[in-house]
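My structure is below; once you've seen it, I'll send some questions.
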Amino acid sequence: MQMGDSSAASGTSLNSGGRGAKAASSPAENYQLARRRTLQVVVSALLTESGFESAEKAAVETLTEMMQSYITEIGRCAKTYCEHTARSVPTLSDAVVTLIEMGFNVDTLPVYAKRSQRMVITAPPVTNAPVTPKSLSAGQKRTHPSHIPSHYPEFPDPHTYIKTPTFREPVSDYQVVREKAATQRRDVERALTRFMAKTGETQSLFKDDVSAFPLIAARPSVIPYLSALLPSELELQSLEETDSSEQDEQTDSENAAGNANADDPSADKDNSVLPPGGVVPSAKASEDNVIDNPYLRPVKKPKVRRKK
């Protein structure tokens with residue numbers, strides 16, 4: 001270090017620190033950078049009181065780092081003593097015990113504070129600490145009751161111990177449900193129409209602009225009367241239900257007859273003779289003989305009700 005102008009000491013250290021530091025982008029980085037610059041001003045003032053008029057950048061940075069580490073260690077030890085006595089905020093006694101533990105003579109502090117050659121530094125602008133946004137918030141935060149001391153830790157966020165529903169009840173209003181169903185049906189039809197218009201042949205209302213108002217081209221059927229002969233879905237469903245009911249009735253009647261023969265010990269044993277070939281026709285064989293085409297099935301005569 002070299003002797004020089006006293007006023008240039010703080011300015012040189014500040015300018016050198018400002019050039020070397022990178023531009024901070026987040027509020028937390030801005031807050032740390034402001035505290036670092038304040039420590040550099042304090043170190044420059046202490047160097048000026050000691051008789052130095054200029055200093056190198058590396059020397060100022062080293063002294064700043066040493067002061068920052070010393071202050072950080074004092075705060076950490078004071079917090080440890082505070083928590084050891086079941087408190088959350090450190091007091092003056094915690095700081096005094098910390099200084100004594102670190103080997104500092106506390107009796108010299110009043111004399112050093114009242115020295116005549118000390119430099120007064122203007123207070124830095126007040127910068128608010130960055131506020132970390134809360135990701136979850138539910139309800140209002142509780143305060144300590146009267147029987148709990150105020151130095152105890154605060155209650156945690158309400159979302160950690162109360163019920164927070166994350167779903168909405170389904171809408172049961174008839175009008176809303178019908179409107180939603182109609183909207184979904186319209187969206188499906190519109191999407192299907194667009195898909196068919198893009199993948200198939202289309203016709204346009206305007207000859208100049210083919211892409212405007214495309215219409216799905218109607219393809220003529222080879223056999224125009226075929227759609228009239230084919231049964232509809234409702235007719236096929238009713239035929240299937242009729243066939244299944246008739247098969248159930250036939251199965252029930254066969255089961256009833258078999259149970260009657262088993263219960264009657266005097267039944268004729270000739271009924272148990274196997275048919276030619278020695279194979280009993282199974283239900284699967286009868287199902288295979290059923291004709292799927294409704295127009296090729298045998299004609300069923302309507303049931304005639306006899307008058308009693």
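Every residue gets a Cβ built from N, Cα and C, even glycine.
Pulled the feature table from TrEMBL, pasting it below:
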| type | residues | note |
| --- | --- | --- |
| COMPBIAS | 1-16 | compositional bias 'Polar residues' |
| COMPBIAS | 239-252 | compositional bias 'Acidic residues' |
| COMPBIAS | 298-308 | compositional bias 'Basic residues' |
| DOMAIN | 31-108 | domain 'Bromodomain associated' |
| REGION | 1-29 | region 'Disordered' |
| REGION | 131-156 | region 'Disordered' |
| REGION | 239-308 | region 'Disordered' |
In the compositional bias 'Acidic residues' (239-252), how many residues does DSSP assign to helix, to strand and to coil?
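Going through the compositional bias 'Acidic residues' (239-252) residue by residue, I get 14 helix, 0 strand, 0 coil.
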Report the DSSP secondary-structure composition of the domain 'Bromodomain associated' (31-108) as helix, strand and coil residue counts.
60 helix, 1 strand, 17 coil
